[in-house]
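A.B. asks: Please read through the structure below; I'll follow up with questions.
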Amino acid sequence: MLRFTKGDHLPPRAGSKVARIAIPVSLEFMLVLGLTFVNQIIVGGLGGVAVAAVGFANSIHTIPVFFFGALNVGAGVVAARAFGGGQKRVVSKSVTFAVILSVVTGVVAAIPFVLFPDEILRLAGASEGVVTQGSGYLAVLVAGLAAGVLGMVLGAVLRSVDRPRSPMVATIITVALNTPLAIVFVYGIGPFEGMGVVGAAWATLITTVLKAVILLIQTYLVFDVANWLVPSTRRDWVTIGRPIIVLAFPMALTSISWTFGNFFYNVIVAQLGDGPLAAINIVFTMSSVFVVGSIGFGSAITVLAGQAIGAGNSALAKDWVAYLLRLGIYTSIGFGVLFALSSLALPVLFPRVEADVLWAATLGILINAALQPIAVRMLLMASVLPSGNDTTGIIIGDFAGPYVVGLPLAIALAYFTPLGVLGAVIAKGGEDTVKWLIFAARNRRIRWDTVVQRHEDSLIGIGDPRTGPIATL
């Protein structure tokens, strides 16, 4: 097996081990984002304003999803380390803690979006056409926030304990169901009258809840990954909850920064009209589908580096990171080429969308495809830093990228040059480049032996990790 690192600590058939994690994860994320794109195609039959409304509402929806979904980072890292150290009860109580927290926070956060979708869209700067078509869609979509966050958490846990195919199975089932449901709900069939744009949201809500239920069954019943063990004392809650929240909270802050940044690109382009807004949403949605072709390596970094840290092997953790970063370069080039070629299919995929919108989307795709290797490298570096206990680096990059470079550049290019919407696409590439450079600089500062020592010290402080108090939590 060819190795793309000078490290000598990787196990035999390292590539096969990576493939067991990365391929199911990448396929799963491609299916999820592909579903978003399919929804755009389905509502595209209702015209360009419908595409703009769905894209604008989706950009708002991602803000609470990724903020509370940051729990999946904390739960995934903690589960990987506990699994690598053979601590089943720690895995169980950590997963139960994360499940309870994700459901409670998801329900509470969804309330204002469900009750006041029109006001939120207007406050965000949406046109009246987008508000009319997008408000019901947004309300129904965010109603499934708790189930969506729960699915993200359980998916991360299953991948961390060497069950990467299980979330993919749940995703395949729900994606296969979502598309026919969306078609029926949007356009109607027989005596059933179509609901228009909001029908796509109902289809997504139903399948999101179904996916969460499937993952719960897989986690607690089918694979016995964890037992339902609720922390019974205040000390239990603190001991189990602290590492999850310590890892998740900075990632939640950076998720807010990142999602608001993406949302503000929509706000900027929305001032150019519904046509440019539809174009940039086509570009960014299709881009995400191809970027996640390499995102499985990010999950592999979390799982394999985390398990190595849990086992006390810093050299192995370092070698896994180097190996996976190198692999990501090659896959990003391949998917970038495929992304560029996908622009040829736009007239077929969106036959009722205006020609000028499709032309702008085509040029945007070509620009974005050329920058795909930078975007993938940046995303993989973002997986390395939390594994190396450097969440500060993520915060710095996700603030500086959009707010110091990307958004100011988007305003300048979109409003004050003939580039228009293409200026925003170029600016997004500038943002990703800055983030990549910051993450790479922070990555060089990680000392994996120190990460392992701190992990072991945190366990020793409350007992030996295998025989002391933590083993019986």
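Cβ atoms here come from the backbone N, Cα and C positions, even for glycine.
From TrEMBL, for reference:
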- 21-43: transmembrane segment (TRANSMEM)
- 63-83: transmembrane segment (TRANSMEM)
- 95-116: transmembrane segment (TRANSMEM)
- 136-157: transmembrane segment (TRANSMEM)
- 169-189: transmembrane segment (TRANSMEM)
- 201-223: transmembrane segment (TRANSMEM)
- 244-265: transmembrane segment (TRANSMEM)
- 277-306: transmembrane segment (TRANSMEM)
- 327-351: transmembrane segment (TRANSMEM)
- 357-380: transmembrane segment (TRANSMEM)
- 392-416: transmembrane segment (TRANSMEM)
A.B. asks: Under 8 angstroms for C-beta pairs, at least 3 of them, ignoring pairs fewer than 6 apart in sequence. Is the transmembrane segment (169-189) in contact with the transmembrane segment (357-380) by that rule?
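C.D. replies: They do not touch: fewer than three Cβ pairs between the two stretches lie under 8 Å.
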A.B. asks: Any residues 6+ beyond the ends of the transmembrane segment (244-265) with a Cβ under 8 Å from its own?
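C.D. replies: Same-chain contacts beyond the ends: 59-60, 62-63, 65-71, 73-75, 77-78, 94, 97-98, 101, 124, 280, 284, 386, 391-392, 394-395, 397-399, 401-403, 406-407, 410, 424, 427-428, 431.
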A.B. asks: Do at least three CB pairs under 8 A connect the transmembrane segment (357-380) and the transmembrane segment (277-306), leaving out pairs fewer than 6 apart in sequence?
C.D. replies: yes
A.B. asks: Under 8 Å between C-beta atoms and at least six residues away from its ends: which parts of the chain pack against the transmembrane segment (21-43)?
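C.D. replies: Result: 50-51, 53-55, 58, 155, 159, 164-165, 167-168, 171-172, 175, 178-179, 182-183, 186, 197, 200, 203-204, 281-282, 285-286, 288-289, 292-297, 299-300, 303-304, 324, 349-350.
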A.B. asks: Report, as numbers and ranges, every residue of the chain located at least six residues beyond the transmembrane segment (201-223) whose Cβ falls under 8 Å of a Cβ in that stretch; write 'none' if there are none.
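C.D. replies: Distant contacts of the transmembrane segment (201-223): 35, 39, 95, 99, 136-141, 143-144, 147-148, 150-151, 154-155, 157-158, 163, 166-167, 169-171, 173-175, 177-179, 181-182, 185, 195.
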